[in-house]
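Asker: Structure provided below as C-alpha coordinates; questions to follow.
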DNA sequence: AAAGTGATTGTTGTA
DNA sequence: TACAACAATCACTTT
(Lines of atoms letter the chains of each structure in order from A and count residues from 1; the text may use other names and numbers.)
(Lines give C-alpha, C1' and ligand atoms only; values in the text may rest on other atoms or scores of the structure.)
Protein backbone atom coordinates (compact mmCIF):
# COMPACT_ATOMS: atom_id res chain seq x y z
CA UNK A 1 0.00 0.00 0.00
CA UNK A 2 2.34 2.60 -0.92
CA UNK A 3 -0.55 4.64 -2.24
CA UNK A 4 1.77 7.29 -3.46
CA UNK A 5 -0.77 8.62 -5.90
CA UNK A 6 -3.95 7.98 -4.03
CA UNK A 7 -6.31 8.94 -6.78
CA UNK A 8 -5.03 6.60 -9.38
CA UNK A 9 -7.22 7.44 -12.30
CA UNK A 10 -6.95 11.14 -11.65
CA UNK A 11 -5.50 12.44 -14.86
CA UNK A 12 -3.35 15.42 -13.93
CA UNK A 13 -4.93 17.46 -11.24
CA UNK A 14 -8.58 16.57 -11.07
CA UNK A 15 -9.10 18.96 -8.20
CA UNK A 16 -6.29 21.40 -7.84
CA UNK A 17 -6.11 23.78 -4.95
CA UNK A 18 -6.01 27.22 -6.48
CA UNK A 19 -8.16 28.82 -3.89
CA UNK A 20 -6.15 31.37 -2.01
CA UNK A 21 -3.79 33.17 -4.31
CA UNK A 22 -5.78 33.67 -7.46
CA UNK A 23 -8.36 35.99 -5.96
CA UNK A 24 -5.73 38.62 -5.44
CA UNK A 25 -4.93 39.51 -8.98
CA UNK A 26 -8.39 39.06 -10.24
CA UNK A 27 -9.74 42.27 -8.80
CA UNK A 28 -7.79 44.67 -10.91
CA UNK A 29 -7.41 42.63 -13.98
CA UNK A 30 -10.20 43.38 -16.34
CA UNK A 31 -8.57 42.06 -19.42
CA UNK A 32 -8.09 38.51 -18.45
CA UNK A 33 -10.81 38.09 -15.92
CA UNK A 34 -10.39 35.09 -13.65
CA UNK A 35 -7.65 32.65 -14.32
CA UNK A 36 -9.89 29.71 -14.34
CA UNK A 37 -10.71 29.85 -10.72
CA UNK A 38 -11.82 26.40 -9.83
CA UNK A 39 -11.02 23.60 -12.15
CA UNK A 40 -8.32 23.34 -14.69
CA UNK A 41 -9.32 20.32 -16.61
CA UNK A 42 -12.41 18.28 -16.57
CA UNK A 43 -12.42 15.69 -19.34
CA UNK A 44 -10.06 12.79 -19.24
CA UNK A 45 -8.14 13.11 -22.40
CA UNK A 46 -5.29 10.81 -23.06
CA UNK A 47 -3.18 13.76 -23.97
CA UNK A 48 -2.43 12.09 -27.23
CA UNK A 49 0.93 10.78 -26.29
CA UNK A 50 0.10 7.21 -26.82
CA UNK A 51 -3.29 6.50 -28.33
CA UNK A 52 -1.64 5.32 -31.52
CA UNK A 53 -4.46 2.96 -31.90
CA UNK A 54 -6.74 2.71 -34.82
CA UNK A 55 -7.30 6.41 -34.60
CA UNK A 56 -5.49 8.86 -36.67
CA UNK A 57 -5.23 12.09 -34.81
CA UNK A 58 -2.15 12.67 -32.74
CA UNK A 59 0.92 10.62 -33.48
CA UNK A 60 2.58 13.32 -35.49
CA UNK A 61 6.28 13.20 -34.73
CA UNK A 62 6.82 16.05 -37.09
CA UNK A 63 4.33 18.27 -35.43
CA UNK A 64 6.24 20.93 -33.49
CA UNK A 65 5.46 21.05 -29.83
CA UNK A 66 4.37 24.21 -28.14
CA UNK A 67 7.16 26.56 -27.26
CA UNK A 68 8.17 26.62 -23.61
CA UNK A 69 6.94 29.56 -21.61
CA UNK A 70 9.33 31.79 -19.71
CA UNK A 71 8.61 29.75 -16.66
CA UNK A 72 9.62 26.55 -18.39
CA UNK A 73 12.80 28.12 -19.65
CA UNK A 74 13.52 29.14 -16.11
CA UNK A 75 12.69 25.67 -14.92
CA UNK A 76 15.25 24.11 -17.19
CA UNK A 77 17.95 26.01 -15.43
CA UNK A 78 16.35 25.77 -12.04
CA UNK A 79 16.17 22.01 -12.29
CA UNK A 80 19.90 21.77 -12.58
CA UNK A 81 20.48 24.00 -9.63
CA UNK A 82 17.89 22.24 -7.57
CA UNK A 83 19.38 18.91 -8.46
CA UNK A 84 22.82 20.00 -7.34
CA UNK A 85 21.63 21.26 -4.01
CA UNK A 86 19.24 18.38 -3.61
CA UNK A 87 20.76 15.42 -5.41
CA UNK A 88 18.54 13.10 -3.49
CA UNK A 89 15.32 14.80 -4.48
CA UNK A 90 14.29 13.92 -7.96
CA UNK A 91 10.54 14.05 -7.72
CA UNK A 92 8.98 16.26 -10.34
CA UNK A 93 6.56 17.54 -7.77
CA UNK A 94 9.34 18.80 -5.54
CA UNK A 95 11.12 20.59 -8.33
CA UNK A 96 7.86 21.98 -9.63
CA UNK A 97 6.88 23.44 -6.30
CA UNK A 98 10.30 24.85 -5.58
CA UNK A 99 10.56 26.23 -9.10
CA UNK A 100 7.16 27.84 -8.92
CA UNK A 101 7.96 29.44 -5.63
CA UNK A 102 11.27 30.73 -6.84
CA UNK A 103 9.74 32.00 -10.04
CA UNK A 104 7.31 34.12 -8.14
CA UNK A 105 10.11 35.57 -6.11
CA UNK A 106 11.89 36.76 -9.22
CA UNK A 107 11.38 40.31 -10.33
CA UNK A 108 10.28 41.38 -13.77
CA UNK A 109 13.84 42.30 -14.59
CA UNK A 110 15.02 38.87 -13.64
CA UNK A 111 12.30 37.24 -15.63
CA UNK A 112 13.09 39.35 -18.65
CA UNK A 113 15.91 37.17 -19.95
CA UNK A 114 13.75 34.11 -19.63
CA UNK A 115 10.90 35.80 -21.39
CA UNK A 116 13.25 36.86 -24.12
CA UNK A 117 14.36 33.32 -24.58
CA UNK A 118 10.76 32.15 -24.56
CA UNK A 119 9.95 34.72 -27.23
CA UNK A 120 12.76 33.38 -29.32
CA UNK A 121 11.46 29.88 -28.89
CA UNK A 122 8.07 31.03 -30.01
CA UNK A 123 9.61 32.51 -33.08
CA UNK A 124 11.13 29.20 -33.96
CA UNK A 125 7.88 27.49 -33.21
CA UNK A 126 6.05 29.61 -35.73
CA UNK A 127 8.68 28.86 -38.25
CA UNK A 128 8.48 25.15 -37.69
CA UNK A 129 4.72 25.33 -37.80
CA UNK A 130 4.97 26.97 -41.14
CA UNK A 131 7.05 24.11 -42.41
CA UNK A 132 4.74 21.64 -40.74
CA UNK A 133 1.64 23.12 -42.33
CA UNK A 134 3.33 23.16 -45.64
CA UNK A 135 4.16 19.53 -45.28
CA UNK A 136 0.62 18.71 -44.33
CA UNK A 137 -0.66 20.21 -47.52
CA UNK A 138 1.69 18.14 -49.57
CA UNK A 139 1.15 15.11 -47.48
CA UNK A 140 -2.60 14.87 -47.79
CA UNK A 141 -2.18 12.75 -50.82
CA UNK A 142 0.44 12.23 -53.37
CA UNK A 143 3.12 9.88 -54.38
CA UNK A 144 5.59 9.02 -51.73
CA UNK A 145 8.34 8.88 -54.27
CA UNK A 146 8.55 12.64 -54.36
CA UNK A 147 8.24 12.88 -50.64
CA UNK A 148 11.92 12.40 -50.07
CA UNK A 149 12.73 15.57 -51.87
CA UNK A 150 10.18 17.54 -49.87
CA UNK A 151 11.43 16.30 -46.57
CA UNK A 152 14.97 17.24 -47.36
CA UNK A 153 13.92 20.71 -48.29
CA UNK A 154 11.97 21.19 -45.10
CA UNK A 155 14.69 19.92 -42.90
CA UNK A 156 17.07 22.37 -44.42
CA UNK A 157 14.73 25.19 -43.59
CA UNK A 158 14.50 24.10 -39.98
CA UNK A 159 18.20 23.69 -39.61
CA UNK A 160 18.76 27.11 -41.05
CA UNK A 161 16.38 28.56 -38.53
CA UNK A 162 18.37 27.10 -35.70
CA UNK A 163 21.60 28.51 -37.00
CA UNK A 164 20.15 31.93 -37.45
CA UNK A 165 20.10 32.43 -33.74
C1' DA B 1 8.16 -2.88 -21.98
C1' DA B 2 5.91 1.16 -22.34
C1' DA B 3 2.69 4.58 -21.15
C1' DG B 4 0.92 7.23 -17.34
C1' DT B 5 1.27 10.11 -13.02
C1' DG B 6 2.46 14.04 -10.27
C1' DA B 7 3.47 19.59 -9.75
C1' DT B 8 4.66 24.07 -11.32
C1' DT B 9 3.20 28.45 -14.52
C1' DG B 10 2.69 30.29 -19.05
C1' DT B 11 1.20 30.08 -23.65
C1' DT B 12 -1.25 28.22 -27.33
C1' DG B 13 -5.34 26.69 -29.48
C1' DT B 14 -10.25 26.22 -29.79
C1' DA B 15 -15.38 27.25 -29.09
C1' DT C 1 -13.72 36.13 -24.08
C1' DA C 2 -12.73 32.32 -21.38
C1' DC C 3 -11.34 27.84 -20.70
C1' DA C 4 -9.05 23.35 -21.72
C1' DA C 5 -4.95 21.26 -22.92
C1' DC C 6 -0.16 20.88 -23.09
C1' DA C 7 4.95 22.24 -22.80
C1' DA C 8 9.83 19.58 -19.59
C1' DT C 9 11.29 16.63 -16.15
C1' DC C 10 12.13 11.73 -13.72
C1' DA C 11 11.18 8.07 -10.42
C1' DC C 12 7.53 5.38 -9.45
C1' DT C 13 3.06 2.91 -10.81
C1' DT C 14 0.17 0.58 -13.56
C1' DT C 15 -1.21 -2.32 -17.47
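From the backbone N, Cα and C atoms, a Cβ is placed for every residue, glycine too.
Whatever TrEMBL says is automated annotation, not expert-curated.
The structure displayed is predicted, hence computed values, not measured ones.
I grabbed these lines from TrEMBL:
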REGION    A:37-68  region 'Disordered'
COMPBIAS  A:37-56  compositional bias 'Basic residues'
DOMAIN    A:64-133  domain 'HMG box'
DNA_BIND  A:64-133  DNA-binding region
REGION    A:111-165  region 'Disordered'
COMPBIAS  A:112-127  compositional bias 'Basic and acidic residues'
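Help me picture where these features are in the structure shown.
Answerer: The helix, strand and coil residue counts that DSSP assigns across the domain 'HMG box' (A:64-133) are 56 helix, 0 strand, 14 coil.
Across the residues of the DNA-binding region (A:64-133), the predicted structure has a mean pLDDT of 92.
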